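A.B. asks: Take a look at the following structure, please.
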Amino acid sequence: MGITRRAKDKAARAERSGGGGGGSSKPKKATFDTTKKKEIGVSDLTLLRTVSNEAINENLKKRFEGAEIYTYIGHVLVSVNPFRDLGIYTDQVLDSYRGKNRLEMPPHVFAIAESAYYNMKAYKENQCVIISGESGAGKTEAAKRIMQYIANVSGGGETGDIQQIKDMVLATNPLLESFGNAKTLRNNNSSRFGKYLQIHFNAQGEPVGADITNYLLEKSRVVGQIVNERNFHIFYQFTKGASQHYRETFGIQKPETYIYTSRSKCFNVDGIDDLAEYQDTLNAMKVIGLSQAEQDNIFRMLAAILWTGNLVFREDDNGYAAVSDQSVVDFLAYLLEVDPARLVHAITIRVLTPRNGEVIESPANVAQATATRDALAKAIYYNLFDWIVERVNQSLRARQAAANSIGILDIYGFEIFEKNSFEQLCINYVNEKLQQIFIQLTLKAEQDEYAREQIKWTPISYFDNKIVCDLIESVRPPGVFSAMKDATKTAHADPAACDRTFMQSINGMSNPHLTPRQGNFIIKHYAGDVTYTVDGITDKNKDQLLKGILNLVQGSQNKFLHDIFPQQVDQDNRKQPPSAGDRIKTSANALVETLMKCQPSYIRTIKPNENKSPTEYNVPNVLHQIKYLGLQENVRIRRAGFAYRQSFEKFVDRFFLLSPATSYAGEYTWQGSYEAAVKQILKDTSIPQEEWQLGVTKAFIKSPETLFALEHMRDRYWHNMATRIQRMWRAYLAYRAESATRIQRFWRKKRTGAEYLQLRDDGHRVLQGRKERRRMSILGSRRFLGDYLGINASTGPGAQMRNGMQLGNNERAVFSCRGEVLEAKFGRSSKPSPRTIVVTNNKFYVVALVMGQNNQPQVILERSFPLGAIKFISTSTARDDWFSLGVGSQQEADPLLNCVLKTEMFTQMKRVMPGGFNLKIGDTIEYAKKPGKMQLVKVLKDAPTPHDFYKSGAVHTQQGEPPNSVSRPTPKGKPVPPRPITRGKLIKPGGPGGRPSRVPVNRTPQPRPSGASAATTSRPVPQPHPAAAAAAAASVSIPSHTRQKSNSSAVRAPPPPPPAAPPAKPKIMAKVLYDFAGQRENELSIQAGQVIEIVQKENNGWWLAKLSGGQAWVPAAYVEEQEAAPVPAPRPPPPPPAAANGARAKPAAPQPPAKRPAAGRKPAALQGRDSAMSMNGSDSSRSSTPTPSLGGSLADALLARKNAMAKKDDDDDW
């Protein structure tokens, strides 16, 4: 059943949900984190105090030297290549960045990957990571780490298609690196091609496919390298690690055998294990799904390329090229599966097609034949690399519906060599395009968007490199690529003529970033000035295979060779095909178009030195990179701009859950515009106004911290909802448990009370209606609790007494109370003495407390009787508290005892003496005063006081309540408001059923001001003096049983003036009688008649005096002390206030301090009823002071004995 929204509940619901959705918890105790590393420099360049290229360089240098290679510029990551393993890419480090925003963790490439993946899932927008920097700066490593992170966090389980996609995506790294990377002078693992990897994800954020686009492989490296560089890694891996089968089938030998791998004299590289990486390449081929036949064909083509390089030509008698070693031709023809003669013919004979259509075959010289041989090798490798990429894409093709994607661009860095040709021009052109994207998306686009959205901010100047891109790629006016193509059209048959024509076009160009020179030209790139050599540049741009080579490939019997050369040879088509410059321009523009459709993340890589040293930091080189990467402009714009912007609709779609006014139970409920909804959301989330601005169509958030706070609140929304449900359920359980507890408590109270009431009623039956009762014995609140002294307790005075009595563990006290025993005195009348009476389930004890050594109380077990030995208990019919125990001992007399709780004691004894309890109730008390000699104690009702006492063999008491009296009804307690069922946010507002309290509350209505009073208060009225007001209040008699109610609405009297400060101690002044010239530094020179201040007096005849700011000693006989001026009288008190009728009141004499009124006096603390003393006629038995310890008990006992001797009476009535 759906939720129905009601208009009348909207405001209340918004109010209720507004305060409880936060779910903020109490902060944890702050502790010092000893493991946290001290930050080196600043982790975000926007926090620099001074924004300059030098300050950025200095900060990067500090962090590089402290092994911190990552630094932020807002959301842009700056990475410095460490040239060593820092151990920062482990699984533990990776997991620490999972689900964290950028500010929660130190800068890292994993944070960029997490941000891209999170934004893709959260905002359903395609993402791309653009990695830029020069060669050797660490772009490829950064790309691999991003792929590593995404593969780990993107879910999908350990098996199935998704995990297979992950494995294949990761396997593309070793495969494409082996075929596309090589050692250069600047980088041991330099990418010699561009790669854009796009990973596709389903709606759950799981990878379902991928595709790779490659750009401009440096195929010239296949046939030649400079000294200390290498060919592509795969050639060294293959020649060193090929299996015996490959060596026999393809004739593979060591790399020193082949010209293409031995020309640079570099076969091994530090940090690269060719054999291990060869195995990684084979494993990657298996993971991607290359069959064994496909792998064999790939390595067959690699062997053909190596043997092609070993084709060496010599001049024949006519000066044309001839093959030096026919065996190499035969083996190469075997590998390509072509006829050897056709192979030689295709390489040494050039086929020319003039404009008239005539076909001319021209023998080639050695240089031309060598160039044709190299062209064949480059074409095979270039097409083989394209086939591998396409084959990988087939394996990575999406197997589910793709929702979004993350692209990773790893492309060659900016290059400046001593000799720069067409390859460097293309590489630097692509980097210019990437720089243009960076400028458009981070600098220009940002400022343009601020202006378009009418956002207030300070513009930042920057360099736009669009003029450089137009210089290279423009058609009208013609740029560098167009000039090359036109030169090829003009003189296509002669490469030298093409170069001269191209140079003439360069000379005719007018561009501030182009400088023509003799045989070369200079382009001012964003990364620096680069000089390009014109010689051979147009031929490389033409990039065409001779038709003889194409015919040779088409005639091969090898099917795989046909697959990697899919294009057909048109013998009659003389139309100029697209040049290499056209292809790279088309690819670069397609890449730009793809990137512009994504939300970019940037990694700017920096190379710290040219020596690949882990410790060297070349300050000038890094400063140059900082300048051409535009880091300073990026920092300035980041500091002045906004970290996040989004359209109103998307912002509301993302964050509407955060406001109770825009959402209810996950549903969007806002009826107004999206812009108003954005304002409401930002208001309800308490985002400060200076942290956001609203443009025309978008909302702008200034700092990333604010965005992270919104994201955190959104992530916590569902947790909070679940917490609310859990809280309500737990509250219900607590309510149910509390209800059950209250029922149980009520039942226990009733049951326990009923037990005690039952004992009390049994006491009435024990007396058999024959003994008069005391008034206190039949109170309705009386309960028979038994152990009043706590003998059964584990601690306290009762436990100490139990230990002194040495009671066993199985002996439990059923009754304990203080009482008295009648002691026989030699030569005089017997006197009562205080004792403690304890009845257990086995015995009857009489215990005495005496003072021992060191004034410490001591427990003396005076007598004990087994309950079975007690033959009878004798008591009178009067209301007295005396009774005797008929023991019938032959050595001791029967005890005659006094106990105020005698009826309860009889009842408890009857419970533990089944069948042996004999209570005698008569006019006299019978007991053996001496062994075997019975005596009767008379009970006389002639006591002058309410308390009974023993004297001369008789107990004197008063008339009591009738013997048939029963206990009065239990008094009802004072009504109190019912306690809430739960605490905090109540389920029930009051008592059971949620009803409000029925306890009447006295509310005194406030009288309305009358006209006269209003007129009176309209002018200032003098207030009474506080003392007089207090005296007047004290003179009012207030009943002690009523409470004074405070009236907060009444005007309070002004506070009394503060007491005056104590008068300052008067100075002691003295008059100088005689002149005295000081002889020492500590003596003061004085003259007669001067008045000086005495600071200190000494008894040695010298006083310390002060004069004109200085102080020193003077002889006391030379001065005379002056009397101090009288202290001024205190200021008189202010006059009393005027009377109410306006007449001035007469001043009244100050009243003496009033006694505290009865109503204001705190009631005395009620003393707990002490059941330990009997109510004899003496104070010894009526002392009701609780005894906190044995010491107190003994003191009370001794005091009681003293009072008993003095015959003092008390007024207690039991």
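Heads up, residue numbers simply count up from 1 along the chain you see.
Every residue gets a Cβ built from N, Cα and C, even glycine.
When I checked Swiss-Prot for this same protein, it listed these features:
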{"type": "DOMAIN", "residues": "40-715", "note": "domain 'Myosin motor'"}
{"type": "BINDING", "residues": "GLY133, GLU134, SER135, GLY136, ALA137, GLY138, LYS139, THR140", "note": "ATP binding site"}
{"type": "REGION", "residues": "405-487", "note": "region 'Actin-binding'"}
{"type": "COMPBIAS", "residues": "1139-1148", "note": "compositional bias 'Low complexity'"}
{"type": "COMPBIAS", "residues": "1156-1196", "note": "compositional bias 'Low complexity'"}
A.B. asks: For the region 'Actin-binding' (405-487), what's the model's average pLDDT?
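C.D. replies: Looking only at the region 'Actin-binding' (405-487), pLDDT averages out to 85.
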A.B. asks: Could you find out if DSSP has THR140 (ATP binding site) as helix, strand or coil?
C.D. replies: helix
A.B. asks: Once near-sequence residues are set aside, which residues in the chain of GLY136 (ATP binding site), 6 or more away, have Cβ atoms under 8 Å from its Cβ?
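C.D. replies: Looking at Cβ-Cβ distances below 8 Å from GLY136 (ATP binding site), excluding near sequence neighbours, one finds ASN81, THR184, ARG186, ASN187, SER190, GLY413, LYS607, LYS612.
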A.B. asks: Have a look around GLY138 (ATP binding site) and count the other CB atoms within 10 A of its CB, chains all included.
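C.D. replies: So the Cβ neighbour count for GLY138 (ATP binding site) comes to 25.
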A.B. asks: Under DSSP, is GLY133 (ATP binding site) helix, strand or coil?
C.D. replies: coil
A.B. asks: Same chain only, sequence gap of 6 or more: which residues have a CB within under 8 Å of the CB of GLU134 (ATP binding site)?
C.D. replies: ARG186, GLY413, PHE414, GLU415, ALA527, THR605, LYS607, GLN625
A.B. asks: On the DSSP side of things, how many residues of the region 'Actin-binding' (405-487) fall into helix, strand and coil, could you say?
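C.D. replies: Each residue of the region 'Actin-binding' (405-487) counted once, the result is 47 helix, 7 strand, 29 coil.
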A.B. asks: When neighbour density is defined as the number of other C-beta atoms within 10 angstroms of a residue's C-beta, which of the binding-site residues SER135, THR140 has the lowest density?
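C.D. replies: Output over binding-site residues SER135, THR140: least Cβ neighbours within 10 Å is SER135.
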A.B. asks: Other than its own, how many Cβ atoms are within 10 Å of the Cβ belonging to LYS139 (ATP binding site)?
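C.D. replies: Summing over all protein chains shown, LYS139 (ATP binding site) has 27 other Cβ atoms within 10 Å.
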A.B. asks: Under a criterion of Cβ-Cβ distance under 8 Å and sequence separation of at least 6, what residues of the same chain contact ALA137 (ATP binding site)?
C.D. replies: SER79, ASN81, GLY413, THR605, ILE606, LYS607, GLN625
A.B. asks: At a 10 Å cut-off from the C-beta of GLY133 (ATP binding site), count the other C-beta atoms across all protein chains.
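C.D. replies: For GLY133 (ATP binding site), the 10 Å Cβ neighbour count is 25.
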A.B. asks: Quick check: with GLY133, GLU134, SER135, GLY136, ALA137, GLY138, LYS139, THR140 left out, which same-chain residues have Cβ atoms within 8 Å of the centroid of the ATP site Cβ atoms?
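C.D. replies: The answer, listed by sequence position, is ASN81, ASN187, SER190, GLY413, THR605, LYS607.
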